């Protein structure tokens, strides 16, 4: 196979990896930083931090590639995705597969600089990243798999720091799954009508008229679990204030999705970046005694 790395091809790879849309990487980054700050506590080693930040961006890019590869026959039928690089022909299937392999190999080379437990956990991370895009064909709960995939950096972070995965690790992992199901349901509400027509499954379709209620319950669960983590680790008031601010952001999201309008649902999804940021700032302030 010969690659013609013209400017147009590089731009197509750029779009395929979603490096022009950082929201997905940020939603993966914040829980990773939560885990590193709790595990250390508050002062992660610079190399470990660098490996995980780079890994977040690389694996998110790889996840986007495999997601579009899995959906290549569906995306052409959805208005929002019809012009993506694979359905439009800007990137071939062989090129997409090769790009995925390159991104995964670079990520794995970074992980090899960490301890054995983290390396072993990274195998599960790869499996989750590969499996998730295909789940929407077989189950209405692909968002749960997404949450596990996006949250697997949490046990990896704890393992990298202490070679252990304590209770706080798994509570944070569960909180991330609940959060991911909530925000990705908001995202799926944007495409719900198109997904029904082409046979794609999602929690937005499964929850139906109860979507807003269930999202709200999931968001309350996130806040409760994060509060328990704070109690287990003796975190200060700065952290609990961040939980209150995150709760206010969740209320704002409920207001946005009230009428289930596409643009408003997408705006609610995007707002979750601030939830992750606020919780991270709360952790940082607590550990750094601001």
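The backbone N, Cα and C atoms fix where each Cβ goes, and this holds for glycine too.
Per Swiss-Prot, the features are as follows:
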type	residues	note
TOPO_DOM	1-22	topological domain 'Periplasmic'
TRANSMEM	23-43	transmembrane segment
TRANSMEM	46-66	transmembrane segment
TOPO_DOM	67-99	topological domain 'Periplasmic'
TRANSMEM	100-119	transmembrane segment
TOPO_DOM	120-140	topological domain 'Cytoplasmic'
TRANSMEM	141-161	transmembrane segment
TRANSMEM	163-183	transmembrane segment
TOPO_DOM	184-212	topological domain 'Cytoplasmic'
TRANSMEM	213-233	transmembrane segment
TRANSMEM	234-254	transmembrane segment
TOPO_DOM	255-267	topological domain 'Cytoplasmic'
TRANSMEM	268-288	transmembrane segment
Grab the same-chain neighbours of the transmembrane segment (100-119) for me: Cβ-Cβ under 8 Å, and only residues 6 or more beyond its ends, written as numbers and ranges. 17, 47-48, 51, 54-55, 58-59, 61-62, 65-66, 69, 126, 156, 159-160, 163
How many helix, strand and coil residues does the topological domain 'Cytoplasmic' (184-212) contain under DSSP? 24 helix, 0 strand, 5 coil
Candidates 141-161, 213-233, 234-254, 268-288; stretch with most C-beta pairs under 8 Å toward the transmembrane segment (23-43): 268-288
So what's the mean pLDDT when you look at the topological domain 'Cytoplasmic' (255-267)? 96
